[in-house]
Amino acid sequence: MQTATSIILETLATGMDLAPELAEAGFSRLMDGEMTCAQAGSFLMGLRMKGETPQELTEAVRAALARAVRVTGIDGPTIDIVGTGGDGRSSFNCSTATALTLAGMGHRVVKHGNRAVSSSCGAADAVEGLGLPLELDPEDVRALVAQRNFAFLFAPRFHPAFRNVMPIRRELGVRTLFNLLGPLLNPARPSHMLLGVARAELLPLMARTLLLTGVRRAAVVHGAGGYDELTPMGPAHIMLLEGDGQGHGTLTEISVDPADYGIASCTPEELAVPDRDTAVRVLRELLSGGGPAPMRDMLMLNVGMALHLLEPGLALPDAMAAARLALAAGAGGKVLHA
């Protein structure tokens, strides 16, 4: 008699997509430690080889959130600024700078993240370096959002079930669905998201998954130069999402050209930081209204896109203009001293 796991593996071996109930069973068994290492590795590689679908990724999100420490009780719209990583760039932590700038402008930000993946300084490293609290409980998150419009949710603290997955990921040593899953698992369930991907082919997969998991408004971004953020290096390819929170909505493809906003192109070296200390110093400069011009331009592009999502009716050119003014005024620095 076939077990559920053997049925799942046989389905993947034939190159077929998993039905929702099979996907849910597979991810539940994986996260509960009920698969052997051989089964877990076969499961993850089978998904990768055939190509993960939005429905399969959605079932992975649901299984992970069912086992997560959830954060509730934050009223009104909230946003997360996050990327999949894997762009191979040691760029400054633009997502954290964007999040803090938005918080300084009065928007509620619940940033979910971890240590560095492809940069010199990951979101958690940056938050820690700026002196902001890292090890938070749900009550702390609610209090900090009320106090300063910003809280950081350190992923390992909120996803204990991932301890069953990490050894398998390390042994495999290759990209799996879990490289995409992290940005989708914010336990505070923000209504808005600015999500970056390092590969353009991931745009529809991630956008459709956000829609299915209940996000109301989002932009999934692939930046010029292969970055998982908008950059001054050239036009960004973007999928805009308008959802009803119940899995239904529309997706629209757009392109955003920095030249339209008076931004000069730059090189990857002008966006890079060599180490954590430099990364934190640059962040402080940017949040105070200074910093290197190419990094400031990149920050403006991402803040502007997020404002376009958060403020209904705010056209993108007006959002970019508002972002420029906020950066010049050092809006993000207010959060550090709240």
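For all residues, glycine too, the Cβ spot is worked out from N, Cα and C.
What Swiss-Prot records for Gly83, 86-87, Ser91, 93-96, 111-119, Ala123 is 5-phospho-alpha-D-ribose 1-diphosphate binding site. The feature anthranilate 1 binding site is assigned by Swiss-Prot to Gly83, Asn114. Swiss-Prot lists Ser95, Glu229 with the feature Mg(2+) 1 binding site, giving sequence analysis as the kind of evidence. Residues annotated as anthranilate 2 binding site in Swiss-Prot: Arg169. According to Swiss-Prot, the Mg(2+) 2 binding site annotation covers Asp228, Glu229.
Mapped onto this structure are the features recorded in Swiss-Prot.
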| residue | record | Cβ contacts under 8 Å, 6 or more apart |
| --- | --- | --- |
| Gly83 | 5-phospho-alpha-D-ribose 1-diphosphate binding site | Ser95, Pro183, Leu195, Gly196, Val197, Ala198, Asp228, Glu229 |
| His112 | 5-phospho-alpha-D-ribose 1-diphosphate binding site | Asp80, Val82, Phe152, Leu153, Ala155, Phe158, Pro183, Leu185, Asn186, Pro187, Ala188 |
| Asn114 | anthranilate 1 binding site | Gly122, Ala123, Ala124, Phe154, Ala155, Pro156, Gly182 |
| Arg115 | 5-phospho-alpha-D-ribose 1-diphosphate binding site | Gly122, Ala124, Asp125 |
| Arg169 | anthranilate 2 binding site | Leu44, Thr176, Phe178 |
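All protein chains shown were included, and the count of other CB atoms within 10 Å of the CB of Ser95 (5-phospho-alpha-D-ribose 1-diphosphate binding site) stands at 28.
Its Cβ taken as reference, Asp228 (Mg(2+) 2 binding site) is surrounded by 28 other Cβ atoms within 10 Å in the chains shown. Shown are the binding-site residues Ser91, Glu229; of these, the residue with the fewest other Cβ atoms within 10 Å is Ser91.
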